[in-house]
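Colleague: Taken from TrEMBL, the feature domain 'Major facilitator superfamily (MFS) profile' covers 1-437. The transmembrane segment feature in TrEMBL is assigned to 7-27, 64-83, 89-112, 124-141, 153-174, 186-204, 216-234, 283-305, 317-337, 343-366, 378-403, 409-428 (among others). Annotated region 'Disordered' per TrEMBL: 430-476, in sequence order. Among the features that TrEMBL reports, compositional bias 'Low complexity' is placed at 453-476.
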Amino acid sequence: MICVAQFVVVLDVTIVTTALPAVGSSLDLDQAGMSWVVTGYTLVLGALLVPAGRVADLLGARRAFCLGLAVFGASSGACAAAWSPAVLVAARAVQGLGAALLAPAALALLSASTEPGPARRRAVGWWTAAAAGGGASGWVLGGVLTEYLGWRAVFWVNVPIAVAVLAVTTRVLPVGERRPGVRLDWRGALLVTAALGLLVHGLTESGEHGVTSPTAWVPLLLAAGAAAAVGWHLRQVPEPVLPPWLAGVAPFRGAALAGLLLTASTTPAMYLSALYVQQVLRFPPLAASLLFPAFNLAVIAGSFAGPAALRRFGAQFSLAAGFTAVAVGAAALVTVPGVGSPVAVLLGAFAVTGAGLGVASVAATNTGTESVAAEHQGVAAGVLNSAAQVGTALGLAVVAPLVTATDPGTFRTGFLCAAAVALAGLGVRSRRSARPRGTARPGGRRRRPGCPPGEARSGSPAAAPSSPPRGRAAHR
């Protein structure tokens, strides 16, 4: 049931992507407007995953899991009933909230039920495969439902799935431990959401109207101010929405950056492919949907190959191989607007891109979860998932406005951007810092790897210093 959660969350991304042209036609949305149907979901999901991870710690993973399922199912019904673009995007945002509660709770349950090492790697492989399976099913199911029942059916289908999973979950999954002392930094979460939302809006407007347009530079300026407010806020609260100490864990930092760049490259490439096949090649939704499972099936294959690659070659090699494959696949898509019958090129590019995503995702997720202590898995899972969703939002914000349905050549620019982002991923480092595990930190204290400063090696809270260093508020 843990993997079912990831299946459903990813299903709702691809099932909607197939229906986007029909949604745009029904609600009078342009290319940038259609991207917000995806971004409204992923942006809220990415911004709230970290505090949602704390909810999993506070309530227990199963309770948070069930709460997320309930919100997800109810908001899916609201999406299906939407009568305007604003209502649809708002309902998608609430759907993102439900998914935010769901995903870290599921990953925390996965980590808690497996030991680090081969068992964890196998579980992560199944987890990634479940996500890919949801994606593959979403393409086909979205095409079938859109063609025969209309685009609203792609949202209605989530309701019975959520109800069924909720009923089984209460009988199968353990309740999980609760940490009553956990604090929820909702103010920080709202600041992060505002900063990301303004940034995505500004980037979208920049691509559509130019950076000199007030609709572009004003949101970007406000985003910079919100980001500064986030930085100030993180230093003032005891348990901030983004724990600053995680940035000091080198393998975790690399894993989060890898997750962001993976989705920032693969999501725009697949999004543009979905639009190109229907708007330029004029494939009906059902025929178009039959092409895209090649991508997700390749992700499944890469996910199962990922643990073996990790064991034999290590995380750094696995990440480099994965990003290289994604870059090659995206570069192959650049040739599509210039060929007469691009189906074979599309399928080959989807397969290479998907395999690279699967291998690299396993490496990033395994590195991130194993670099953080067990009692902080909820927050760590939230950050890892958040980075991936933010990558999706940022990638679409940059690429979507560049493309117009009337100019097939603009798709080439979008695919080139996706390939460039994947190449940037080759610079991600996943190795540990030079400091040996558990060695003394400044001030003479020793701590376990993957724990915030102030937690001793034994796991008991160490005494806080009499005054916080560098002028920061005492939150250690």
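A Cβ is built for glycine as well, from the same backbone N, Cα and C atoms used for every other residue.
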Colleague: When the pLDDT values for the domain 'Major facilitator superfamily (MFS) profile' (1-437) are averaged, what is the result?
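Modeller: That stretch averages a pLDDT of 81.
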Colleague: How about the transmembrane segment (186-204) with the transmembrane segment (378-403) - do they touch, taking at least 3 C-beta pairs under 8 Å (6 or more apart in sequence) as contact?
Modeller: yes
Colleague: With an 8 Å cut-off on Cβ pairs and a sequence gap of 6 or more, do the transmembrane segment (89-112) and the transmembrane segment (317-337) reach 3 or more such pairs?
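Modeller: Judged by the Cβ rule, the two regions do not touch, with the required three close pairs absent.
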Colleague: Is it the case that the transmembrane segment (409-428) and the transmembrane segment (317-337) touch, counting contact as three or more CB pairs under 8 Å in which the residues of each pair are 6 or more positions apart?
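Modeller: When sequence-distant Cβ pairs are counted, the transmembrane segment (317-337) touches the transmembrane segment (409-428), since at least 3 lie under 8 Å.
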Colleague: Is the transmembrane segment (7-27) packed against any residues at least 6 beyond its ends, judged by a Cβ distance under 8 Å, and which are they?
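Modeller: Counting only partners 6 or more residues beyond its ends, the transmembrane segment (7-27) has Cβ contacts under 8 Å with 33-34, 37-38, 41-42, 72, 76, 82, 84-85, 88, 95, 99, 102-103, 130-139, 141-143, 145-146, 150-151, 154-155, 157-158, 161-162, 165, 270-271, 274-275, 278-279, 285, 288-289, 292, 296, 392.
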